[in-house]
Amino acid sequence: MDGAAERSLPEPGSRGSRAGDDIEIVVNVGGVRQVLYGDLLSQYPETRLAELLHCLAGGYDTIFSLCDDYDPGKREFYFDRDPDAFKCVIEVYYFGEVHMKKGICPICFKNEMDFWKVDLKFLDDCCKSHLSEKREELEEIARRVQLILDDLGVDTAEGRWRRCQKCVWKFLEKPESSCPARVVAVLSFLLILISSVVMCVGTIPELQVLDAEGNRVEHPTLENVETACIGWFTLEYLLRLFSSPNKLHFVLSFMNIVDVLAILPFYVSLTLTHLGARMMELTNVQQAVQALRIMRIARIFKLARHSSGLQTLTYALKRSFKELGLLLMYLAVGIFVFSALGYTMEQSHPETLFKSIPQSFWWAIITMTTVGYGDIYPKTTLGKLNAAISFLCGVIAIALPIHPIINNFVRYYNKQRVLETAAKHELELMELNSGSAGEGKAGSSRSDLDHLLPEPPGQEGSWSSRLKISHSDTFIPLLTEEKHHRTRLQSCK
């Protein structure tokens with residue numbers, strides 16, 4: 001082939017009398033053949049398909065920089081890409097937007113759009129939200145993998161004090177890290193239960209004793225058990241605070257605030273008992289101590305630290321604020337309406353229990369929530385009919401938002417399991433790619449994690465190229481490098 005033929009080839013599907021926009025090209029994407037017209041592709045000249053219109057003028061080097069193979073006899077461009085994703089991408093030329101089909105991985109689809117040089121601004125809003133959700137999942141996987149790598153690796157450049165802190169933090173915060181850590185976690189869980197039981201048992205009059213003033217107080221044995229539990233909680237909190245990598249974040253964390261509220265009343269009441277009598281009357285001190293002892297119920301929330309189910313339930317409730325607000329609004333409207341109706345209908349009865357509308361609120365609440373204490377009830381026929389209607393409306397109002405809340409719980413629980421499995425799978429892939437067990441240390445593995453870490457702002461284009469995604473999802477390597485080279489030579493001939 002001479003140089004002139006290499007530099008310029010006839011335009012595909014063009015004729016001498018046709019304008020540039022009447023050019024038609026044939027593309028074969030993953031075995032799916034598609035005919036596209038120049039007037040359609042020229043709407044977006046920066047895309048890869050639009051560049052094919054005039055690539056033949058630049059010779060075969062330009063052609064093969066845009067496609068995987070070219071057949072000059074059929075004038076057909078070949079691409080080893082996902083045909084399903086391509087069918088979605090070319091919608092931009094027809095409709096001006098791209099909609100991702102169900103079942104396609106959003107991250108893989110973004111890579112396909114990058115390959116075809118179609119801007120993400122053409123992606124539909126619903127698909128963008130799906131893409132953002134997958135990005136967040138990848139960032140969460142990267143965070144979990146990074147935490148595991150930090151636990152596995154030991155940085156010899158760190159000082160002894162820093163290594164000691166990391167060991168204590170790992171021992172107390174990660175029960176799965178070792179058998180002693182698991183024993184400590186179980187012991188802490190049991191002490192939470194014991195302290196909660198002691199708090200309840202201490203209020204039984206038969207188990208209380210009389211003090212010097214004749215007042216009933218907790219049994220000394222129960223107080224000793226309480227003191228031992230508080231001592232353990234205090235030691236655990238101080239060790240976790242000492243070993244925390246971020247002290248401010250640790251102190252402001254919700255679960256750590258619960259820990260403080262669980263142990264603080266003990267020390268405040270102890271201080272008031274021994275020193276408060278000198279500054280205030282004994283009665284006031286006792287009242288303050290009793291008020292503080294009520295705060296001990298906060299320790300039951302410490303169970304959430306050791307229960308993934310409670311953590312999942314908390315997250316589901318946080319994500320269901322809209323549904324819970326809707327439930328409260330339904331109940332508030334129903335309570336106001338049925339309490340006003342109940343008060344009006346019961347005024348004709350001489351022994352009515354509905355003295356006022358605010359008092360009727362209590363009746364409406366316990367009726368709509370199907371509790372029914374029986375302390376206040378209607379006596380007239382219309383009042384009973386109103387009570388029956390309020391009962392049915394309450395059941396419906398409570399049942400409506402329950403399904404979305406349950407869905408949020410199940411979705412988050414399943415998502416956490418998937419993310420945990422994905423993080424472990426990513427570590428297995430890193431270990432396989434390392435080539436040997438000696439290369440699988442945290443230092444080298446951390447560099448392998450770069451493909452999952454979020455990209456700094458302004459560099460979103462290269463973010464997806466660093467993602468570790470199976471080529472089987474988006475790219476089918478039908479040709480090896482050697483065969484691909486021979487195909488180019490054959491095409492040139």
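Positions of Cβ are set from backbone N, Cα and C atoms, glycine also.
Pulled from TrEMBL:
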| type | residues | note |
| --- | --- | --- |
| DOMAIN | 25-126 | domain 'Potassium channel tetramerisation-type BTB' |
| DOMAIN | 182-416 | domain 'Ion transport' |
| TRANSMEM | 183-204 | transmembrane segment |
| TRANSMEM | 248-270 | transmembrane segment |
| TRANSMEM | 324-341 | transmembrane segment |
| TRANSMEM | 385-406 | transmembrane segment |
| REGION | 434-465 | region 'Disordered' |
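For the domain 'Potassium channel tetramerisation-type BTB' (25-126), residue counts in helix, strand and coil come to 47 helix, 21 strand, 34 coil, using DSSP. Listed by sequence, the residues of this chain that lie at least six past the ends of the transmembrane segment (324-341) yet keep a Cβ under 8 A from its Cβ atoms are 317, 357, 360-361, 363-365, 367-369, 386-387, 389-390, 393-394, 397-398, 400-401, 405. Confidence in the domain 'Ion transport' (182-416), given as mean pLDDT, stands at 83.
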